[in-house]
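Copied over from TrEMBL:
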{"type": "TRANSMEM", "residues": "53-72", "note": "transmembrane segment"}
{"type": "TRANSMEM", "residues": "93-124", "note": "transmembrane segment"}
{"type": "TRANSMEM", "residues": "130-148", "note": "transmembrane segment"}
{"type": "TRANSMEM", "residues": "155-177", "note": "transmembrane segment"}
{"type": "TRANSMEM", "residues": "197-215", "note": "transmembrane segment"}
{"type": "TRANSMEM", "residues": "236-257", "note": "transmembrane segment"}
{"type": "TRANSMEM", "residues": "288-310", "note": "transmembrane segment"}
{"type": "TRANSMEM", "residues": "331-348", "note": "transmembrane segment"}
{"type": "TRANSMEM", "residues": "354-376", "note": "transmembrane segment"}
{"type": "TRANSMEM", "residues": "388-414", "note": "transmembrane segment"}
{"type": "TRANSMEM", "residues": "434-456", "note": "transmembrane segment"}
Amino acid sequence: MNAVRSIESLAAGDAQPNLFRTLGPTLLISMAYIDLGKWLVAVDAGSRFGYDLVLLVLLFNFSAILCQYLSTCIGMVTGKNLAEICRQEYNRVICVVLGLQAWLSLLTSELTMIAGVAVGFNLVFEHDDLITAICFASVVVNLLPYTLSHLDKWLAGMINACIAGFTLLCFVLGLLISHPQTPVNMNVMFPKLSGESAYSLMALLGANIIAHNFYTHSAFVQVQRRFSVDTLGSLFHDHLFSILFIFTGIFLVNYILMSSAADESSETMVMNFQDAMELMHQIFTNPVAPIVLLVILLFSSHIISLTCIVSSDVISENFFGIKLPLSAHHLLPKGFAMILTIYCAKVAGPGGIYQSLIMCPVIQAMLLPSSVIPILRVSSSRLWMGRYRVSLCVEILAFLAFLLALFTNIIFAAEILFGDSTWTNNLKGDTGCAAVLPYSVVVLISCASIAFTLLLSVTPLKSASNEAETQLLSVHSRRETMETT
């Protein structure tokens, strides 16, 4: 479909200003960070812990900027997407596990997209039937992609970029206008962590860094490999500026949501869906805010739907060796996501939707550390990157970002296994609340993800092993020659 191929045209810069080569793909990627689930995570964390986690959110944002930038560098230099390189560098089992993690990350994005549009529909039209709203959301998010599929790919690419830019602008400016006097609190330099905050911390990590976006972003820009060395060098700087610019706006919104929730909630914490909606109404004081919210969700869901098709195609072809038509990549993830969303609504009603919107970023955070390792390995590989191999300073920063994600997961796993916090008891069912995801499943995913991360961290790339063997043979050959002489 031309709507999907338009992304390649956008990144290639066919008959377009150079700005669209870098800003366009980044705008499309950024839509996954502005769904309703990400907003609720920030509001929930701010209402519960005030400014205690703001500094860590800033570090998560820096990590996202670095990982997305390295992904674009890999795609531009090698002419291959990250999943394609993983297929060449890792064995079949590791590729399948990486593919399952990426597909689960994609599925959670689809779920939060459908659930978010359904909630927005209910808020605007004051409709109480969640199942009808979910069905409406599942249909409406497919309308615009199919409409654009009949357009020329260049025109479709321009429209997609403009929709993404307009949505992000409304997202940032709308919140700034709604809260023009948001205070800048200086008591955020020392984050206060506890067992109670581990769940919110994981949700904030997953809301700021999304694993499958690494593969998607590298796939968007891999066509830029055809440019000259001089043009490629300038594109690196343009990509870095675009990512910095957009992700700074995303952090600004997260900060405003957290600080506003901390100030508005004062005595009340967000405990359920009704509390979250009431707090959102206090934050978005303008009476037209619900309508703007729904428009933002609808436009962002279109872009998320489009990028998820590309992600699904890249993941299935390179990790699983399965080539499916684009229509299958369009329908399968949304079908699964719709079924899971209806299940959450049936099991726990509005509370189930709220749980799913918070739980999805937590799951994405569990999948993150192992997804960062291939970026570290490939971007620092001289065989793959050549003269564009990252500097030692950037390599250290990327390693610190990986450690931040890993330690956050370890803290979460320790609390869920041995802690006695409120959210742990909720997952166990001790409080009488219905859980949309069983405690045993959360424990299994968390522990399995950490174990796989540790395995992958000690597994070198095949090309690195071959290079080491070649160098060793060369050294032995020179020694034998000298001894013979």
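Any Cβ shown, glycine's included, is placed from N, Cα and C.
In this chain, the transmembrane segment (331-348) lies apart from the transmembrane segment (155-177): fewer than three C-beta pairs between them fall below 8 angstroms, excluding pairs fewer than 6 positions apart. Taking pairs at least six residues apart, the transmembrane segment (434-456) and the transmembrane segment (354-376) share three or more Cβ pairs below 8 Å and count as touching. Non-local neighbours of the transmembrane segment (197-215) in the same chain are 29, 32-33, 37-38, 41-42, 44-45, 48-49, 52-53, 56-57, 60-61, 63-64, 67-68, 71, 81-83, 101-103, 105-106, 109, 250-251, 254, 311, 314-315, 358, 360-368, 371-372, 375, 405, 408-409, 411-412, 415-416, 419, 421, 423; each lies 6+ residues outside the stretch with a CB under 8 Å from one of its CB atoms. Highest Cβ pair count under 8 Å relative to the transmembrane segment (93-124), across stretches 53-72, 155-177, 354-376, 388-414: 354-376. For the transmembrane segment (388-414), the list of distant contacts is 59-60, 62-63, 66-67, 70, 73, 77, 193, 198-199, 201-202, 205, 209, 232, 236, 362, 365-366, 368-369, 372-373, 375-376, 379-382, 443, 446-447, 449-450, 453: same-chain residues at least six beyond its ends, Cβ to Cβ under 8 Å.
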